[in-house]
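Student: Sharing a structure with you now.
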Amino acid sequence: MASPAAGGVVIIGSGLIGRSWAMLFASGGFKVKLYDIEQQQITNALESIRKEMKSLEQSGSLKGSLGAEQQLSLISGCGNLAEAVEGAMHIQECVPENLELKKKIFAQLDRIVDDQVILSSSSSCLLPSKLFTGLAHVKQCIVAHPVNPPYYVPLVELVPHPETAPATMDRTYALMKKIRQTPVRVLKEIDGFVLNRLQYAIISEAWRLVEEGIVSPNDLDLVMSDGLGMRYAFIGPLETMHLNAEGMVSYCDRYSEGMKRVLKTFGPVPEFSGDTVEKVNQDMCMKVPDDPEHLAARRHWRDDCLMQLSKLKHQMQPQ
């Protein structure tokens, strides 16, 4: 078996995101300690990880160069926070998206860690200035926001606190590359970071188009899945602009007036309530009933699609 990568990783919280991070770090050869306050939660998480890794290995989708048993041997559980973080080089917090809970966790960590470990939060929208301000080890703090489900979608947004040391960003970036994720540097904090700001802009306009009777919910989803989404799976909106003309300058010369005209027709932020909720819910439930069994089956199908897409993207990388 290959030697474990230097330094250990600690995962705080054994839910879906925590389990996914544990699998990703193990795939890179890192020893992983999974911490939770409830021993039964740890036991359940380790069993879930075992089942998923075995399934991934059978389907040829397991990440990394190590086999499932080798990766599983790198993951252990721990119910004592001080013991868990001893000797760690990276701590990834994965507790629920609650500011006070996360601040409590980081305050506890701040009292017991050394001056070398990276303190990273998986928060999807809480600003680093709200999470880390006042900590003695604030220079070692960063948000590393994964995309759900992290094992199948590689993007990780790295968001610094205003006092985060450049070395913390660099080390976290290198670590994400080591486990074959795709890190992006958010140069300064902003509400919603980058991914959710783009996602919410799409959701907002999608909602308005349905609410105003322009398009049905199902057809709206098709516009993304069979239209924009197919391009955006391989190139982003800015490169799309660049390729859809003779470069970016040409695109802006040709289309900027039309874009501005349409953008001026966008309405206010929707309320996401009332009749439109019922309308969208009805169409979605016709496609996927909202009982646990059907939702789980659809998520499983989604994850299979994402894994196959990930393989295709790897194969299609430009030479």
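In case you wondered, yes, glycine gets a Cβ from its N, Cα and C as well.
Straight out of Swiss-Prot:
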type    : residues                 : note
MOD_RES : A2                       : N-acetylalanine
MOD_RES : S3                       : phosphoserine
BINDING : L16, I17, D36, E97, K102 : NAD(+) binding site
Student: Considering the binding-site residues L16, I17, which residue's Cβ sits among the greatest number of other Cβ atoms within 10 Å?
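Tutor: Neighbour-count leader: I17.
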Student: In whole Å, could you give the widest CA to CA gap in the NAD(+) site formed by L16, I17, D36, E97, K102?
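Tutor: Between the outermost Cα atoms of L16, I17, D36, E97, K102, the distance is 17 Å.
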Student: Please report the DSSP secondary structure of E97 (NAD(+) binding site), reduced to three states.
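Tutor: Its secondary structure by DSSP: coil.
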Student: Please list residues from the chain of D36 (NAD(+) binding site) whose Cβ is under 8 angstroms from its Cβ, counting only those at least six apart in sequence.
Tutor: G13, S14, G18, I42, A45, G77, G79
Student: Taking the Cβ of K102 (NAD(+) binding site) as centre, how many other Cβ atoms lie within 10 Å?
Tutor: 23
